[in-house]
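Working notes, structure below.
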Amino acid sequence: MSFEAIKKQEQEYILHSYGRVDVALSHGKNAEAWDVEGKHYYDFTSGIGVNALGYSDEGWVKAVTEQAGKIQHMSNYYYCDKNTQLAELLAKNSGLCRSFFCNSGAEANECAIKIARKYGEKKHAYKVITLENSFHGRTLTTLAATGQDGFHQLFTPLTEGFVYAKGNDVEDLKAKLADPEVCAVLLESVQGEGGVVPMEEDYLKAVRELCTEHDVLMMLDEVQTGIGRTGYFFSYQRAGILPDVVTAAKGLGGGLPIGVCIAGEKVKDVFAPGMNGSTFGANPVVCAGAVEVVSRVSKPEFLKEVQEKGEYFKEQLLKMPNVEFVRGRSMMIGVKVKDKDAHDVLNACAKAGLLILTAKDLVRFLPPLTITKEEIDAGLAIFAEQIK
Ligand SMILES: *Cc1c(COP(=O)(O)O)cnc(C)c1O
């Protein structure tokens, strides 16, 4: 099928909720991809941080296809070895206790908010503090949690009970925590969609202390930052803290839809049977892929490489005269290009054979964690040419 035919079909039969780039991918290998007409691309997006091990990774394909040939789905009425194995791996790599599996980042955050409500019930506390400029998902409740007015105005009325604090501002958080109806703080350690804005380590430590002091939950949305993206298995490990609840999704399944909400010691018993559920949650095929991802990404050598490649990206980018600044953590990279609109850069790069993302007025890279130095160099050469 030609690109034009696909585009026509999309226009006709798919609801117009996405602004798309003129690219239709067909297949790929690690950080390289080919479109339906055979054109070659380097891919610095990994499907918005999803294909953690790149395209068609051998180990991942084997894990997923073997599981698909054994049993593809069973209901959550039954026990499932892939599901329990993944939960144990996540507990060991997070320092938290028990997982609830679902299918997306938004759903994982919904679960975190439900946990917060249950935790606060006894003292009639139901409000969740999130940060200005945050992004937590597209369901009505996670849109309410998202601290950006633009998103709120689209679908009122939204779920009640969210209060927005300024990121990296301890005093503002203190003031908002004075409200006795607050039961939790939910935040990203690096605001991805908000423009790759990192929270300082000292701020994260202060959030941890203040949450403990006020007996409210510290909940981290690691949907984008988690599973090795920032050079740590979870980004809070960089700050040396332990939240009460963590959510993850994007990179976890290596390309298959899975979300998880992991509960720490304080809240590992808040749910009783019937309080949350998901038909597809912890699907065996998806979990088999996730077990492969987590087993590999959690290795210290792998994480060290992610850090080193992140540094390399930064060094190379800062050599380009038209780069104003670079920010982020390891393989979650935001680039401010001088005098150029980020979307124009994205479109020009796509034409020239490099796939990138934007976040607010920044260009954003979320490459597969397995990207090679050769792939980085080749992709950055295209980027340098396009921002000249
Ligand atoms: C992408 C993202 C979400 C939403 O995830 P979906 O899988 O699209 O529902 C939530 N939080 C953060 C930080 C994200 O980056």
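Positions of Cβ are set from backbone N, Cα and C atoms, glycine also.
Keep in mind that TrEMBL annotations are predicted by a computer and have not been checked by a curator.
Annotated features in TrEMBL:
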BINDING   G105, A106, F135, D221, E222, V223, Q224, T279  pyridoxal 5'-phosphate binding site
BINDING   R138, S278  N(2)-acetyl-L-ornithine binding site
MOD_RES   K250  N6-(pyridoxal phosphate)lysine
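Counted within 10 Å of its Cβ, the other Cβ atoms near R138 (N(2)-acetyl-L-ornithine binding site) come to 15, all protein chains included. Reduced to three states, the DSSP call for G105 (pyridoxal 5'-phosphate binding site) is helix. Sequence-distant neighbours of E222 (pyridoxal 5'-phosphate binding site): residues of the same chain at least 6 apart with a C-beta under 8 Å from its C-beta are E188, S189, F234, S235, Y236, V246, T247, A248. Taking a Cβ distance under 6 Å to any atom of ligand 1 as the criterion, the binding-site residues E222, V223, S278 reduce to V223.
Less than 8 angstroms from the CB of S278 (N(2)-acetyl-L-ornithine binding site) sit N76, F101, C102, N103, E107, each of them six or more residues away in the same chain. Of the listed binding-site residues, namely A106, V223, the sparsest Cβ surroundings within 10 Å are found at A106.
With a cut-off of 8 Å between CB atoms and residues at least 6 apart in sequence, the same chain places S75, N76 near T279 (pyridoxal 5'-phosphate binding site), listed in sequence order. Close to F135 (pyridoxal 5'-phosphate binding site) in the fold, though at least 6 residues off in sequence, lie T146, Q148, E188, Q191, G192, E193, G194, each with a CB less than 8 Å from its CB. Cα of G105 (pyridoxal 5'-phosphate binding site) to Cα of K250 (N6-(pyridoxal phosphate)lysine): a distance of 7 Å.
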